[in-house]
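Undergrad: Mind having a look at this structure? Questions to follow.
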Amino acid sequence: MDFSLSDEERAVRDTVRAFVTREVVPLEDEVLRNERAGRPPLPDGVLTALQEKARAAGYWGVTTPPEYGGMGLAPVMHAVLEMELARTFVPFRFGGSADNILFAASAAQREAYLLPTIAGERRSCFALTEPGAGSDARNIRTRARRDGADWLLDGEKTFITGGDAADFAILFARADEGVTAFLVDRDRGWTSTPIPTMGEWSCASVVFDGVRVPADAVLGEVGGGLELALSWIGQGRYVIPARAVGAGERLLGMACAHASTRESMGHPIAEYQAIQWQIADSQVELEATKWLTLHAAWQAQTGRDARHATAIAKLHGAETANRVVDRVLQIHGGMGYTRELPIERWYRELRVLRIYEGTDEIQRRTIARNLLRGHVALGVIGD
Ligand SMILES: Cc1cc2nc3c(=O)[nH]c(=O)nc-3n(C[C@H](O)[C@H](O)[C@H](O)COP(=O)(O)OP(=O)(O)OC[C@H]3O[C@@H](n4cnc5c(N)ncnc54)[C@H](O)[C@@H]3O)c2cc1C
């Protein structure tokens, strides 16, 4: 069993860490100021300029296959890279990526959707959840009815990340043959309304009212939409806990620094066991999340069925991030609760990890059912 990274992988990790530290972290104060004044986190063009800078250093399309100009990183290194990016709350992502399921597009769809999305010229949103069906995604009601050679789409989607900025939707709707994915341009007539949230994450309600699309708007097979949706969500289940690790380690570092300098009753608070235990428990839980995540990503990378491992990693990561940020806020005392520091921002942002792409309860349900039905066995090592 070898837990080390190759020299090349270590170089990727170190370069990304250095880039985040040098180029992205210094933007944090500006992001906080803008968000607190109700403005977008950064002026137009700042993130794009950063993406171009990263591109010049070879960081473009981190998971995009080389034939599309990307780095084609496999899941383990993708997870490592997400850990590095999550050390800051600045909403920076490398350019050159597209939703993993867009690679299932037909030749014409590749030209119209995949390539422009990779180039950053088009923006997608993933529209599955509905007001009446979130965890119960198999029960979506948005309808796709054939009308001659076309399809008519009717229904409402909710909590759609980037739904207000997207110029096309990957829409999941129920056809007679089963749930089907459609690529639907905004100018076909769908509308969106932003939904304010407790965090800075922007999501929207998206309405399709008799939206007409041609037969070639279907992504993949008619009736094959649920499989595509699950494969999109499956990737998130190791990306999300990876982000929990990056954010949690950054926060824990802040707590250690504060505890070492803040004095109470004649001593730095770091000398008190009550504080030490919070620090120790946080690191233990973050280490557990780190290795659960990398193991889940390794399963995906090696063609194993990663669903059980990703459910465990996603559950553990989401809960750990929330426990850690709560302890870090506590260690900072009253200052932790103010807007002088970014902790309250992380606190609000990390809360959603326990909800989207499968709630804690749904991950527990998956884990328990897999065990109770004998889909997985206890005591397995190395398979
Ligand atoms: C900020 C944000 C961004 C999002 N982005 C997207 C997006 O881009 N695209 C998209 O399609 N969706 C998106 N979602 C939706 C998200 O995936 C759903 O909110 C999530 O799956 C939960 O569904 P729900 O909100 O309908 O809650 P419900 O399913 O109504 O659940 C309510 C409660 O009941 C529990 N529960 C439900 N069923 C069971 C069960 N069988 N056993 C035990 N407990 C159960 C849940 O765990 C939860 O605690 C986003 C959500 C948020 C908040």
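Yeah, the Cβs are placed from backbone N, Cα and C, and that goes for glycine too.
According to TrEMBL, the record shows the following:
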- 6-121: domain 'Acyl-CoA dehydrogenase/oxidase N-terminal' (DOMAIN)
- 125-209: domain 'Acyl-CoA oxidase/dehydrogenase middle' (DOMAIN)
- 223-372: domain 'Acyl-CoA dehydrogenase/oxidase C-terminal' (DOMAIN)
Undergrad: Over the span of the domain 'Acyl-CoA oxidase/dehydrogenase middle' (125-209), how high is the average pLDDT in this prediction?
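TA: Mean pLDDT, the domain 'Acyl-CoA oxidase/dehydrogenase middle' (125-209): 97.
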Undergrad: Using DSSP, tally how many residues of the domain 'Acyl-CoA dehydrogenase/oxidase C-terminal' (223-372) sit in helix, strand and coil.
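TA: For the domain 'Acyl-CoA dehydrogenase/oxidase C-terminal' (223-372), the helix, strand and coil counts are 124 helix, 4 strand, 22 coil.
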